[in-house]
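A short worksheet on the structure shown next.
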Amino acid sequence: MSSSTFRTLAVAVTLLHLTRLALSTCPAACHCPLEAPKCAPGVGLVRDGCGCCKVCAKQLNEDCSKTQPCDHTKGLECNFGASSTALKGICRAQSEGRPCEYNSRIYQNGESFQPNCKHQCTCIDGAVGCIPLCPQELSLPNLGCPNPRLVKVSGQCCEEWVCDEDSIKDSLDDQDDLLGLDASEVELTRNNELIAIGKGSSLKRLPVFGTEPRVLFNPLHAHGQKCIVQTTSWSQCSKSCGTGISTRVTNDNPECRLVKETRICEVRPCGQPVYSSLKKGKKCSKTKKSPEPVRFTYAGCSSVKKYRPKYCGSCVDGRCCTPLQTRTVKMRFRCEDGEMFSKNVMMIQSCKCNYNCPHPNEASFRLYSLFNDIHKFRD
């Protein structure tokens, strides 16, 4: 090889290396699209490595780079191999993550899969978590929909709600007679798609609502129509220990439409001692406060502030301790990539111990499985 040819190749290699380094650096000013990109089900939005724009997080075994980061909430990291100058890598699971077993199949930590057409699942450190691909099946139909039922749609996986249109008028007339509504209240019922409460009617007719409904005048409604605000009580926490979810249904919104609200809840930490703190002669430890301020965690992100939450204790006589009074706090969370979001979190004020246990007594079964629970752990 002649010296001129060698110099030409050396210059070409140098220029290529400089070009790659230039592409790997972050821009001086961020230029992002006005609307955030729409990601596939189960794929979250994260900020790129430069902290500029929101992008769809790369999943297991997908190509990644500084501008296309992996989904850290699923324990994924961009693996560039042994090369220190590589610009692209492959999303791999962190080494400490455990695989999952689901339907006699093994999935790697961070791997996403679709067991059926209605769910998208992900293996996260030995536990399988799924999100529904048919959210309309989980939402509540309008109360103005008589005899609602889910029906299969030809060529589609998800079922849809249908109403008996022919019986709408008869159904509303029956409600009017039952509740003794006047003409204005009948119109209110139709417009709000809620069963209105007439004057002097008994709240026992609506046992699902724990508090007395209130009337809201909303200027956003046509002609200043009234909205009878109704909200159910919060459901029990989905977990007896560790982080769970509590839900309720309300129409307290500008549209006066029934929606489901959720909040994060933790009745007690899973590692909380059961009997060590009991005084002599005592059989229950009702309410315990965290000995020091802690940060709440959710989906790999931590609360911005520290809190000293109260937890429910345990009993040795077969009773169970559950929250008696709670309040809901809107909490700010920060992720490793700088992303921030808010979530409603349950804060326990007091607990009670009784024999009316919603699940086996925590004294002997501190961990329990929900109906149709898909979590399966491996050592």
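Each residue, glycine too, has its Cβ placed from N, Cα and C.
For CYS312, the disulfide partner named by Swiss-Prot from the candidate list CYS284, CYS335, CYS351 is CYS351. Between CYS52 and the candidates CYS30, CYS70, CYS78, Swiss-Prot records the disulphide bond with CYS30. Matching Swiss-Prot disulfide entries to the candidates CYS315, CYS320, CYS335, CYS357 identifies the partner of CYS353 as CYS315.
According to Swiss-Prot, the cysteine that forms a disulfide bond with CYS53, out of CYS32, CYS39, CYS70, is CYS32. Considering other CB atoms within 10 Å as the measure, the emptiest surroundings among the disulfide-bonded residues CYS78, CYS321, CYS335 are those of CYS335. Within the set of disulfide-bonded residues CYS70, CYS91, CYS320, CYS357, the entry lying nearest in space to CYS335 (disulfide bond) is CYS70 (CA atoms). CYS56 (disulfide bond) sits 13 Å from CYS32 (disulfide bond), taking the Cα positions as reference.
Each of the disulfide-bonded residues CYS56, CYS312, CYS315 was scored by how many other Cβ atoms lie within 10 Å of its Cβ, and the smallest score goes to CYS56. Listed in sequence order, the disulfide-bonded residues near CYS64 (disulfide bond) (C-alpha within 10 Å of its C-alpha) are CYS70, CYS91, out of CYS52, CYS70, CYS91, CYS351.
The average pLDDT computed over the domain 'CTCK' (284-358) stands at 85. Around CYS351 (disulfide bond), the same-chain residues at least 6 positions away in sequence with a Cβ under 8 Å from its Cβ are LYS286, THR287, LYS310, CYS312, GLY313, CYS321, THR322, PRO323, LEU324.
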